[in-house]
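Have a look at the structure below before the remarks.
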Amino acid sequence: MSECSTISSKVTVTHSSLRQTCTAASFTSSFRGFFLSVWSSDQYDHIDKHTQSGLDLLERYIKFVKERTEVEQNYAKQLRSLTKKYAKRGSKEEQDCKFSNHASFQEILNELNDYAGQRELIAENMITGICVELTKYLQDLKQERKTHLSDAKKAQQNLESTFKHLESTKKRFAKEWAEADKATQQAEKTENDLNATKLDVEKAKQHAHARTHTAEECRNDYAAQLQKYNKEQNFFYYTEIPQIFNKMQDMDERRIRRLAEGYCQFSDIEKKVLPIISKCLEGITTAGKKIDEKQDSILFIEQHKSGFERPADVEFEDYTQGIKPATSDSSLHPPKVRAKLWPFSKKNKVNLLPAAAEDFSHLPPEQRKKKLQAKIDDISKDLQKAQDQSEALEKMKGVYEQNPQMGDPSSLEPQITETAQNIGRLRGELAKYEVISHTLHARIQFMPIIVVAAEQPQHVYSEFDDEFDDVESPIGQCMALYTFEGTSEGTISITEGELLSIMEEDKGDGWMRVLRASGEEGYIPSAYVKHTP
């Protein structure tokens, strides 16, 4: 009886301790589960939303910069189109650009075109320095964030799995504890039953003992699982999750810092080109300040100065005196004097050139003189190039003749012949335009004398008539070395071997005046003849 009481007492004590352990474990587990929900649900979701919001902001900024670059590119494109639209093209516009106000406007267009280039540079640097770099950085952040969230979720799932196992162990312990409690009560009831045999009492006690032993094992399993869970929960909340959240905090702070740098780049990229933009704007201001209205007027006058003298006053015709008989038509009329003193007047002018534009005869004297000189300069440059080419070919031919392995000298003959013909043609053209220029120069110098003569008394004209009618004597003889076609006014044609009388020596301009046997007199190139005794 005492043994049964001891067992019953032991079972009762064990049962009581199990009841207390189960109640405490249930409270602790419930608290931990609530804490887990706060950390893993609320905080996790907040961090998830916050980091995602940061990535969304970074992506929005990238899109913003892209649209800004499109604005810059369109702006630059429109500026270029504008400058191209107002830029002058053609010979007339190039002529106008000699004036400072026209040239300054062209400089403004050029500066604006450079300004457009700087806007394009801003767009290009923003694309490469901000959009491309931040897009790559954003992809890295997304992958890093995904990894951190995956680690946090995996850690939470591991803790939840351990918690579920703890709950399962606790339920098993509670079930076994209830069965042990029931068996203990049954054993006590059987022991107190006077009708129960000793075998029934022993059997009931053994059953209660077995149940109690099983409950004790479940208790130990539950306690071990509870210890394991608490350890994992402690690691989860104090080590694993803080580390993951710290990494995400560091990631978000790096994202913020990089975004701040992107904000600064947005300004710095434009600041870098501001000095050049300032130079473009200063160039526009300089172009405006360099305009000289007086110089433009002078340039316009020089370009369109005709070279003609102003007409003399119209004389008063007194009809009250009656009409005087024309006693002499020798020198009373200035036109007659002009005709004798000016042999190249429009009345006597014979234009043998194929087209008026070729000798610029359609222009006033001063303008024609400038055009002729420009034409002579161009032909001289071409002639010099042709002569240089001819010398180079001759040198190359000499090298080939000395070193046949380097080339065939005869292969250069076509080029040498062509170059020689080109030189001959250019010399002919140069001579032609020099004759025209020389004649025109003499006309321009002689024109003031005509006007002054027209204003002199009647006896002055008679003196000019007498002087001009005197026959000049030749000052020497020469023979033509080459045939020359005098196609311009004031020149004559000569043939090779022809004997000529020299009426006026070359005065340094490459021309001399001669008299042919037929009585024809005019200018020829000095290089085309040689003096004879």
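From the backbone N, Cα and C atoms, a Cβ is placed for every residue, glycine too.
Residues or ranges marked as domain 'F-BAR' in TrEMBL: 32-296.
Looking only at the coiled coil (138-207), the predicted model's pLDDT averages out at 90. What TrEMBL records for 138-207 (among others) is coiled coil.
Per TrEMBL, domain 'REM-1' is recorded for 362-439.
Positions annotated as coiled coil by TrEMBL: 369-403 (among others).
Positions annotated as domain 'SH3' by TrEMBL: 473-533.
Using DSSP to sort the residues of the domain 'REM-1' (362-439) gives these counts of helix, strand and coil: 72 helix, 0 strand, 6 coil.
Under DSSP, the residues of the domain 'SH3' (473-533) split into helix, strand and coil as follows: 3 helix, 28 strand, 30 coil.
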